[in-house]
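Notes follow once the structure below has been shown.
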Number of protein chains: 2
Amino acid sequence: MRLAVLGAGSVGTSVVNLASEYGHEVVALADSSSATVDPTGIDIEAVLERKAGDDPVGDREPDAAFDADYDVLVEATPTTLGDAEPGFTHAKRALEADRHVVLANKGPVAERYEEIQALAADSAGSIRFEATVGGAIPVLSTIEDCTPNAVSAVRGVLNGTANFILTRMAAEGLDYEHVLTEAQDLGVAEADPTFDVDGTDAALKFVILANVLNDGGFSLEDADVDGIQNIPGSALELAAEDGRTIRLIGEASRESVRVGPRLVPEHGALAVTGTQNIVEIETRHAGSLASSGRGAGGPETATAVLSDVGRLPEL
Amino acid sequence: MRLAVLGAGSVGTSVVNLASEYGHEVVALADSSSATVDPTGIDIEAVLERKAGDDPVGDREPDAAFDADYDVLVEATPTTLGDAEPGFTHAKRALEADRHVVLANKGPVAERYEEIQALAADSAGSIRFEATVGGAIPVLSTIEDCTPNAVSAVRGVLNGTANFILTRMAAEGLDYEHVLTEAQDLGVAEADPTFDVDGTDAALKFVILANVLNDGGFSLEDADVDGIQNIPGSALELAAEDGRTIRLIGEASRESVRVGPRLVPEHGALAVTGTQNIVEIETRHAGSLASSGRGAGGPETATAVLSDVGRLPEL
């Protein structure tokens with residue numbers, strides 16, 4: 001398939017880097033300021049060098065990406081809340097042109113799910129979004145294969161930054177502020193870590209899951225969200241005395257979406273360590289399925305994007 | 001899709017039972033002695049009642065199933081080794097008639113992989129076999145989505161009977177013979193448990209995985225296999241003193257297939273308990289993905305069969 005990639009951050013550049021390994025070609029790459037377009041496939045090495053040197057990715061306007069002859073639009077621009085723009089309109093344009101859309105951007109499917117699905121229903125193209133939930137872990141494809149009807153709930157740890165912080169607090173007896181600084185130094189937490197530590201990032205993912213289970217009906221404001229910023233080190237010590245620890249756990253069911261710190265058995269499945277993520281899918285006929293792995297990262301998220309591309313039908 | 005189901009054991013009857021929930025119709029069901037065929041869909045309730053009462057499933061010869069107008073042949077007859085018959089020929093007939101095949105029977109893809117794939121290549125139909133490895137756990141579809149090239153190895157626990165026995169031996173300090181009897185009483189081990197306890201069942205699954213990773217090249221005789229029959233209770237006690245336990249672990253890589261008892265950290269991912277299974281997939285770009293859940297059982301295996309049906313293209 002021929003890919004037009006929007007977004008040249010770590011996910012976008014990883015998709016460009018790995019596309020040929022999966023048998024696909026990149027015909028356009030755009031960020032917010034420029035685009036490069038080549039129907040025979042963009043010069044990947046040159047583009048990655050320009051990006052590494054902080055040069056523009058190309059010499060065209062960003063919009064030129066939509067003029068390329070592409071099969072799949074990969075939307076990997078930063079997630080935005082509320083109206084989910086410009087990501088929503090990017091996806092809309094591709095679907096209205098009867099092209100496929102693969103999202104790494106959570107906005108359209110967290111905040112405007114029914115609208116984007118309606119556009120997909122009217123399009124010869126389809127929309128897929130494995131990369132929006134759990135990075136490399138195959139969560140949405142597993143639910144799709146089970147059929148969403150057969151899944152009653154999904155729970156787990158879907159934010160690696162918060163999980164890393166809680167793991168280190170428990171392991172070292174340090175307080176939140178101290179470990180947050182450590183996480184930022186390691187690149188595990190952003191300069192502005194708000195969405196990771198206040199539970200918003202995890203909540204977006206569980207909202208997407210609730211939308212998949214219920215065919216819509218949820219947006220971020222429907223989620224009941226608590227973060228980890230107010231957990232004292234003493235809470236983790238107390239938990240440990242009882243054979244437990246604390247993790248930022250989310251749950252999506254047919255009724256609700258909730259994210260918050262919870263006590264979990266310290267050796268149980270949900271007590272993943274470091275930046276690992278885990279998802280437990282409750283199925284009607286096959287009990288509980290658990291999948292864990294790397295929930296974030298450029299190459300990891302790119303593999304989810306490229307898995308989705310592989311599942312799209314020929315146009 | 002219209003399904004012709006061969007095999008009326010726990011997997012076959014579960015497929016028949018769940019098919020309509022997944023939007024499919026059963027037009028034929030056969031076991032080794034009879035068949036029932038109905039182009040408008042077999043009377044599922046009546047058939048399950050006859051089976052429960054040990055009556056023949058139908059009034060036709062078993063072969064009549066092949067005369068039905070079906071899209072997918074579900075091969076759920078008992079796994080056989082060596083020539084993998086009659087399962088292999090069942091699959092061959094469907095593929096030569098340009099129909100799809102979904103296997104729950106491990107024989108054809110463990111023992112004659114290249115042959116069955118060659119038949120599939122020449123057919124308008126495809127062959128899928130998620131149900132042959134890990135029951136409800138989506139192992140093969142995960143590897144397929146990653147692309148087999150991007151997977152370097154797969155390891156894990158794929159036999160619930162052996163895992164249950166080892167879990168109970170460790171928990172109760174009992175010896176193998178005692179726990180085996182308990183397992184048989186619970187229906188977790190068969191009257192003849194040989195293939196579960198000598199590692200053959202697990203080995204067949206890891207041989208199938210090696211065939212998927214390497215596009216063929218392996219059969220059961222290539223696997224290096226040790227079972228659990230000779231593990232004394234004292235070995236588990238010793239392991240526990242060191243924070244470890246013993247599990248029957250298999251591994252398939254690009255070079256080899258091995259199954260045998262191994263020491264694992266007692267709280268680690270591979271130390272699944274009871275009849276649970278777990279698979280760790282080592283990927284090139286996304287680290288390690290782990291999936292666990294129920295690796296066996298009628299309904300569990302049927303969900304894997306029906307997931308496969310859902311992934312087949314229209315004929």
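Even glycines carry a Cβ here, placed using N, Cα and C.
Just so you know, TrEMBL annotations never went through curation; they're auto-generated.
What TrEMBL records for B:LYS205 is active site, proton donor. Its Cβ taken as reference, B:LYS205 (active site, proton donor) is surrounded by 28 other Cβ atoms within 10 Å in the chains shown.
As annotated by TrEMBL, NADP(+) binding site applies to B:GLY7, B:ALA8, B:GLY9, B:SER10, B:VAL11, B:GLY12. Cβ contacts within 10 Å of B:GLY7 (NADP(+) binding site), excluding its own Cβ and spanning all protein chains shown: 22.
Cβ neighbours of B:LYS106 (NADPH binding site) (same chain, under 8 Å, six or more residues apart in sequence): B:THR79, B:PHE129, B:THR132, B:LEU204, B:LYS205, B:ILE208. Under the DSSP three-state reduction, B:LYS106 (NADPH binding site) is assigned to coil, being neither helix nor strand. Look at TrEMBL and you will find B:LYS106 tagged as NADPH binding site.
Taken from TrEMBL, the feature domain 'Homoserine dehydrogenase catalytic' applies to B:138-309. In this model, the domain 'Homoserine dehydrogenase catalytic' (B:138-309) carries an average pLDDT of 95.
A helical conformation is recorded for B:LYS205 (active site, proton donor) in the three-state DSSP classification. Non-local neighbourhood of B:GLY9 (NADP(+) binding site): B:ASP31, B:ALA76, B:PRO78, B:GLY298, each in the same chain, at least six residues away, with C-beta under 8 Å from its C-beta. Within 8 Å of the Cβ centroid of the NADP(+) site, not counting the listed residues B:GLY7, B:ALA8, B:GLY9, B:SER10, B:VAL11, B:GLY12, the chain contributes B:VAL5, B:THR13, B:SER14, B:VAL15, B:ASP31, B:ALA76, B:THR77, B:ALA104, B:GLY298. When other Cβ atoms within 10 Å of the Cβ of B:SER10 (NADP(+) binding site) are tallied across all protein chains shown, the result is 16. Applying an 8 A CB threshold to same-chain residues 6+ apart, the list for B:ALA8 (NADP(+) binding site) reads B:VAL16, B:LEU29, B:ALA30, B:ASP31, B:VAL47, B:LYS51, B:VAL57.
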